[in-house]
Amino acid sequence: MQLNCESRNCFFIIKNKRQRTFKRQTFPSSCRELEMKTTLQELLIYIIFLTDLCILTFGMVNTDMYYLNKVMSNLFLETTVSETDRTNFHSLGNMVDFWKFAEGPLLDGLYWDTWYNNKKLPVYKNSSHIYYENLLLGVAQIRQLKVRNNTCSVYPYFRIFLKDCYHEYRSASEDKSEFGLKNGWNYSPASSLAPWHWGFIGLYSSGGYIFTLPKSKNESIQKLAYLRKNDWLTRGTRVVFVDFSMYNANINLFCVVRLVVEFPATGGALPSWQFYSVKLLRYITYYDYFLASCEVIFCLFVFTFIIQELIKLKKMKTEYFKSAWNWLDMLLPTNLLSLLMENLLSNAYAYPDFYFLAYWQIRYNNMIAVNVFFAWIKIFKYISFNKTMTQLSSTLSRCAKDIIGFAIMFFIIFFAYAQLGYLVFGSQVDEFSTFQNCIFTQFRIVLGDFNFATIEKANRILGPIYFITFVFFVFFVLLNMFLAIINDTYSEVKADFAVIPSQEFEITDLIRQSYNKALVKLRLKKSKMEDVYPAGSMKRSDHTQADFSFSLTFSNSFESTYLTSKYNPVSEKQFEREREKNWLGLSFLCYKGATPKSTEVVLCN
């Protein structure tokens, strides 16, 4: 008998007098037990890493960030111009409304120089404290981007009526020339490190015409009035940015605010905003230093995972990429390494451009959130020994081809309806204004979250037809087909497991086995050998006991090994007929030459 357990491959070879060989890879339970113990050790180490990662991620975010964003958004977005004029940032519709907001709610929110009883506040170094708690860092900055005149094509018949034409914003058509009184307003080039802004209708560079507000509120009022009277905003203006930052020492958080007003070529105004509450000063409290120690452990885990994956890649070569779990193992340390690089990059700069820091800090938080998601998904790799998880994974793998075929048919119909909705309702309904919005709107229809009255109002004939046919074919037909594919496959897999039980060694078996061994060592329970041989007969040769143990193990394992080698999913009756037809007639085992070095196994009928 030769038993070779190498990592995850177990081989069992038996030779009789006729030198007939039986070879299978699914025998000894000791190999499966060894594999299970190794997996549990890996799982324990991975849980430690996952715990460390979760501590880091939850240490970066807290509820104070939400409340700080909420307070600032209410101040700058909801405050109206006056009691009679209810214009606020949400309701900006043109350049006139923008100047009302800039000279009213914006300055009132930036400069807090009086207490609630109109008592003057002591000002230290001409600084402002928003809501008396948030220090305004530096000054606020107003920046605009413009396009040149005559940058669009006009139909010849209308050229005699139209002398000016300003195209939508494009970097190629951007106006960078000096303008204003004595060409006093100059263009500032974009920084190579500053990110571009993605607005509703354009992608805007970080350059433009920049104006900074003074530290005093009265001076700011005069400067804004000067800009308004001298036409700082023109017909070529396509976007205006208002940027400022503040710091709250009570909770050690920075709040970076960007208010954006786009002026499209159609006329009007489209307001948008960004509020970023981030923690840029990392190590102040004792808990922060605890997080620093977790970061050190995190770095050690990352480099350990990278070394492990490189070793696996070197040994397995192209076979490494055939496993989906290996792809996840490779993706996780790669993303984690990029997080370390981004973290070092963000800390390497000082704080003149807080928007730049906040932007990359938010990207860092988003990336680590994605990594936490994949880290939790990877746990399925270690619990695959469980019978239920094996059934679920077998169900998904067996119905993968059917799901792919179904997905092709589903998305053909889905995108056909999306294009129909975009062409019919795109010019009248906000939910169908872009093709991307159409796709998300149709997913909302499937979930039951949709306003039918809007499309019925847009088209009284095609609206109901579109809605009824989409719900019928996609919701009642296609989605039920998808569920039927999974249910049918799961029933087949469950029936197969009932016919031939899984040979996998489960975690519960290992725990039960370890528990029984502990009871035997503590003399609280008899072992199986003591039950077979009475206490008086335990003096028999050790070889006889080993022979009996081997015969018992071999007779059970050989039968299950032979059956699983010929297994294909069949019905229970077919399985019983095949079992009787191919039965080996193995009744008992005889041993000859009972010496430890020359034991031969003979099959006896």
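Glycine is treated like the rest: Cβ placed from N, Cα and C.
What TrEMBL says about a protein is an automatic prediction, not a curated fact.
Secondary structure from DSSP puts Cys152 (disulfide bond) in coil. According to TrEMBL, the feature disulfide bond maps to Cys152-Cys165.
The domain 'Polycystin' annotation in TrEMBL covers 88-281.
Look at TrEMBL and you will find 282-493 tagged as domain 'Polycystin cation channel PKD1/PKD2'.
Per TrEMBL, transmembrane segment is recorded for 43-62 (among others).
The transmembrane segment feature in TrEMBL is assigned to 290-311 (among others).
Feature annotation from TrEMBL assigns transmembrane segment to 332-352 (among others).
Per TrEMBL, the feature transmembrane segment maps to 364-383 (among others).
Tertiary neighbourhood of the transmembrane segment (403-425): same-chain residues 431-432, 434-435, 438-439, 441-442, 455, 458-459, 462-463, 466, 470, 473-474, 478, 481-482, 485-486, selected by CB-CB distance under 8 Å and a gap of 6+ residues from either end. For 403-425 (among others), the entry in TrEMBL reads transmembrane segment.
Same-chain residues lying 6 or more positions outside the transmembrane segment (465-486) and placing a CB less than 8 Å from one of its CB atoms are 395, 399, 402-403, 406, 409-410, 413-414, 417, 420-421, 424, 442, 445-446, 452, 455-456. TrEMBL lists 465-486 (among others) with the feature transmembrane segment.
Using a 10 Å Cβ-Cβ cutoff, Cys152 (disulfide bond) registers 14 neighbours. For Cys165 (disulfide bond), other Cβ atoms within 10 Å of its Cβ number 17.
With a cut-off of 8 Å between Cβ atoms, the residues of this chain six or more beyond the transmembrane segment (43-62) that come close are 279, 287-288, 291, 294-295, 297-298, 301, 365, 368-369, 371-372, 375-376, 378-379, 382-383.
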